[in-house]
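For reference, TrEMBL has these:
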type     : residues : note
TRANSMEM : 26-48    : transmembrane segment
DOMAIN   : 41-289   : domain 'G-protein coupled receptors family 1 profile'
TRANSMEM : 60-78    : transmembrane segment
TRANSMEM : 98-120   : transmembrane segment
TRANSMEM : 140-158  : transmembrane segment
TRANSMEM : 196-215  : transmembrane segment
TRANSMEM : 236-260  : transmembrane segment
TRANSMEM : 272-291  : transmembrane segment
């Protein structure tokens, strides 16, 4: 009981990515630049979707939620990591660690489900265009987003409460920012049963949305190949390829982190992968959608021209 009480009141010590690099100042500058770029890109994308009436469609409504998650991911981790580096201090309180676990788990699960719903949206748009206004009406979109958030909150509440219930009487050195796998390695209790339950739930949480995504894009690919219009085929392929790229970035990191056994990857690799899905992917997502979607480009040019900053071509 004394060990449990100690685990609740003690801080954790974060050994961040900068600690593993000899060029820590260069790496810090790179991370800061990527953080600002991602934050700015997702904020601009959110602003365009909210203000441009042509982007008030189901696809862009779901995309706005993805941008919201991509704002949240780096905000939960990077400021604390940067503050610890600048202050030459790597501590995080027990409550702060709990908040990181909860937020990261919530957004990770919710984004995975949201990506599945976005693939269904593209399936309906390409394969059933005449029924699209009915199948993707506003109430359905709100239900999709609500289900994503509720699944994330439920999963995060369960995982955070169970993970922090274990006693942490051994080392309090966390190899990267607070996540469930990182903390379980520090527990002095037997966590094997919980880790098995986590692996099973992780497979379900990852594979069910991935199955829906694969099925949706299988039908989309068949429909695109049957299109006679070159313009329609190009538009469908461009829109869907952007989403497939985002899915690959997100699920590639998630599968490595939560489905590959811990014995097959080192703490340093965990650091890099965690940084990838919490910083690199959120930075790339708005670039992928803005560079490949003409509607977003037109909305951006419109905003720039209103501000009197339109470039002279």
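From the backbone N, Cα and C atoms, a Cβ is placed for every residue, glycine too.
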Open item on the list: Give the nonlocal contacts of the transmembrane segment (60-78) in its own chain as ranges (CB under 8 Å, at least six residues past its ends).
Closed with: 31, 35, 38-39, 42-43, 45-46, 49-50, 99-100, 103-104, 107, 110-111, 114-115, 117-118, 121, 141, 144-145, 148, 177, 246, 274, 277-279, 281-283, 285-286, 289, 295
Task: Proximity verdict for the transmembrane segment (26-48) and the transmembrane segment (272-291), three or more C-beta pairs under 8 Å - done: yes
- [ ] Average the pLDDT scores across the domain 'G-protein coupled receptors family 1 profile' (41-289) and report the rounded value.
- [x] 84
